[in-house]
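Here's the structure we're looking at; comments come further down.
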Amino acid sequence: QYSPDSVPGADGQINPTEVTFPGCSCRSSSCELPKCPCLCRGHNYSSLCLAEQQEQPFSRPVFECNSLCCCGEGCHNRLVQRGLQLRLQVFRTQRKGWGVRALEPIPRGRFVCEYAGEVLGFAEAQRRIQAQTAQEPNYIIAVREHLHDGRVMETFVDPTRIGNVGRFLNHSCEPNLFMVPVRVDSMVPKLALFAAADISAGEELTYDYSGRFHNLPGASREHKPLEEENSLRKPCYCGSSTCASFLPWDSSLFSTP
């Protein structure tokens, strides 16, 4: 079932459509710093692109204006919530199954699409992972945000049954997209994919499933798997010069408490 936005999972634990953030009282057509509290919360956009982050130990979060804000729909701080604006094509690759390519040039930093699906709690995400066979494709993504005080916020999204075009994006060890959690109405983030470089028309769109790309070393929970876990790993066919030979591996959803 196609859905442009993430939806509550079948476990009913998390509702990504719930509005819990207060809105700004900006009356202008487009919000500006330092008047807008939404913009003051974190990182901001420049035109239709994510502004370059300065070198620092942690990136700043992104908070868009939301449905309770007084600013107009044309506010420049409303980007990911507008959804897909580019022409993309799902196509059949030679070795990787389905993939997605751009049908128009995409400049670096431009928002491309969201990775949308059912937003699950940990228990349901783990149950679904463990119910899969080694031959089945896994679409569940586990995103972990490391806060400055040591806490880790986890988001699990599964587009297996309900999702959008992001479901068909392939992994690459040298990707041209990177993922950013973007918050609009609540702390449940939209998993937004932005262009990591200028992308040509016809080029396949990829991102790094492991979370290594654009992140500090050690931010990923990927590790060298045990010998018995190798049977669950899938080969990587990205073809890059730094290819790791296997798709990224995260054992946390496979392990039992």
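Every residue, even glycine, has its Cβ placed from backbone N, Cα and C.
Heads up, TrEMBL stuff is auto-annotated, nobody curated it.
As annotated by TrEMBL, domain 'Pre-SET' applies to 22-83. Under the heading domain 'SET', TrEMBL lists 86-210. Here TrEMBL flags 232-248 as domain 'Post-SET'.
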The domain 'Pre-SET' (22-83): DSSP-derived helix, strand, coil residue counts: 7 helix, 7 strand, 48 coil
Counts by DSSP class (helix H/G/I, strand E/B, coil) across the domain 'Post-SET' (232-248): 1 helix, 2 strand, 14 coil
Secondary structure tally of the domain 'SET' (86-210) (DSSP, helix then strand then coil): 14 helix, 52 strand, 59 coil
